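To start, the structure itself, in structure tokens.
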Amino acid sequence: MELGVNIDHVATLRQQRLTSYPDPLQAALRAEEAGADLITLHLREDRRHIQDADVRAIRPALRTRMNLECAITPDMLAIACDIRPQDVCLVPENRRELTTEGGLDVLGRYDEVAAAVARLHDAGIRVSLFIDPEAGQIAAAARAGARVIELHTGAYADAADAGARAAQLERVRAAVAVGVGEGLRVNAGHGLHYDNVGPVAALPGIAELNIGHAIVAQAVFDGWEPAIRRMKALMIQASRS
Ligand SMILES: CC(=O)[C@@H](O)[C@H](O)COP(=O)(O)O
Ligand SMILES: NCC(=O)COP(=O)(O)O
């Protein structure tokens, strides 16, 4: 069970005032010291948080690996092929969204997704598709050539009550089984926090959780490294239970 620490919202804080601090590179290196297994960052088309220069500075400095999240656009694919992170996670983007609202529609955008996967693979980059926990999307992701999927856990995280949360967790559990059955590495993330991560981390078959917003928020009170260590400890404890 690996923890990908998403550093987007370190950059959000910096961009809010256009200062030079807090530095996402420093956040990434200190996250590695605290036990992050990889660093995740999302270069959005609107550059609302992470900037191109961040990706370029962080890529060679990491001891672990970089998981670059981006939309499927010619510009983003060119940047990814130039910077060559170990992993690229292809995500849907909508300029007016507060955050990534849903998974990539691999079924609906099949040709475009398959071409992007092939191009990134040709550049030596492993590709993950950020998708909703639905069997049809998972099968399409495998057909499109992806070796990894990341299941969007937003519906689980945003569930209004315990019954709805249990139903969403069951969706994720079933999707993990389908993904593993397809021979895919199955990751998950979005909206996970200290109180809801346990049941997801306990699902058999999940390889990696990518978590950002909640860790940045907790760091305000506990500090960056303690917030990461605490999240990782919760994940490991749940995965062993
Ligand atoms: C794709 C994804 O889930 C992450 O990028 C996460 O959403 C943090 O970035 P945003 O808050 O900008 O969506
Ligand atoms: N892909 C999900 C991710 O990287 C982190 O999402 P969040 O924890 O910031 O919601």
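Cβ coordinates are placed from backbone N, Cα and C, and glycine is handled just like the others.
Where the annotation comes from TrEMBL, it is an automatic prediction and has not been curated.
Site annotation (TrEMBL): 1-deoxy-D-xylulose 5-phosphate is bound by D8, H9, R44, H49, and the candidate from T64, T99 recorded at this site is T99. Close to H213 (3-amino-2-oxopropyl phosphate binding site), meaning Cα to Cα within 10 A, are the following recorded positions out of D8, H9, H42, E150, H190: D8, H9, H190. Here is what falls inside 10 Å of the CA of H9 (1-deoxy-D-xylulose 5-phosphate binding site) among the recorded positions R17, E69, E150, H190, G191, G212: G212. When the recorded positions R17, H42, R44, H49, G212, H213 are checked against ligand 2, G212, H213 have a Cβ within less than 6 Å of one of its atoms. Candidate recorded positions: H9, R17, E150, G191. Not one of them has a Cβ under 6 Å from ligand 1. Once the Cα atoms of D8, H9, R44, H49, T99, the listed binders of 1-deoxy-D-xylulose 5-phosphate, are compared pairwise, the greatest separation found is 12 Å.
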